[in-house]
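Worksheet: the structure to be examined is printed underneath.
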C-alpha cells in the first residue's frame, strides 16, 4: 500500500514512517496541508494519515481541497487529532474525512484502523461477482472481524455464526467452484482475512478430493477459517514483517497457536478437528514443529493438510514487499523444505491444484 503521512511534527512523521515501512508499505510524507494536497494529487496514495493542526493549511482545509478532485473522492483519509471533542470530530467527517485517531495514539490502534481500511479496499475487487459469491466473501470477512474483536476482549467465539459463514462459503464453492474466491484476492495484499478465506476454500477442495465425508469436509473448512485467529493477539508489525524475525520475535509469533486454541476452547460446540487444526498446523512429521513437537502419526492428516495449505497461501499471497510466487515456485520451495511437510501429500496437493 502507498500511504501518505501528513504531520508538522517531524518525530511523528519519522515514527509512523519507520513502523509502516517495517510492514512493507511505501511511505510518503508532508509537513502541512498544502503539501499534502500536492502529494495526494501527484502520488495517488491508497490511504492518507492527516494531522489537523498544521501551518500554511490545516488538515480540515486539506481534506476539503482533496475531495474536490474526482479521482481522490474515495481515498480513505484518517485524521490524527489531539482534539477529542465530538463537534470537532464531526466537523472533520463532514468535510470528507473517513476515520480518526486521537493523540496521543497507541500504535496498535492506528495500525488496526489502517488494516480495517485496507480490508475495505479489498472489497472493491468483488464488485463484479454475483450476489451469492459476494455474500459468501462478505460473511466470511465479517466473521473474522467479529472473532478478532472477541478474542481481543477475552470473549468466546460463536459456533452458530461460524457455522453459518462456513456453510455459505461451501454452498458457493459447490455452485461456482473455489476459483472465484482465489481470483477475488489476487490483487489484495495479504491480511488475516485474505489468508483465512483463501486457506478455507482450498482446504475444502483438498478435503473433498481426498475423500473425506461431508461432515469432515465441513469441519476442516471451518478449521481453515479459524486456525490462525490467534494472530490477532500478536503485534501486527510482527505478523506481517517482511524481514526475518529474530529469536524473541519468533517466540512471540509462535504464541498465536496458544492464543487461538484458548479462544476456540471457550466454545463448547467447537468440533475437535477444528481445535486439532489450530493446535497442530505448525507441527511437522519429523517432530521439529511447534508447539508440542508432535511426530509421525501424531501429526494428523488434517494437520498435515493445513500445514501445506498454510505455506502455499503464504507463498502465493501478494505482499507489499514482493510479488506472489507462482504455483510452480511454491511447489519447489515446499518440496525443498523436505521433512517439514508430508512430501507425499505435497505432491498430491499440487497435482490436485493443477
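Note that Cβ sites are derived from N, Cα and C of the backbone, with glycine treated the same way.
A TrEMBL annotation is a machine prediction, not a hand-curated record.
Among the features that TrEMBL reports, domain 'Response regulatory' is placed at 2-118. DSSP labels the residues of the domain 'Response regulatory' (2-118) in these numbers: 56 helix, 24 strand, 37 coil.
The domain 'HD-GYP' annotation in TrEMBL covers 170-354.
Per TrEMBL, 4-aspartylphosphate is recorded for 51.
Under a cutoff of 8 A between CB atoms, and with a sequence separation of 6+ in the same chain, the neighbours of residue 51 (4-aspartylphosphate) are 6, 7, 8, 9, 12, 59, 79, 80, 81.
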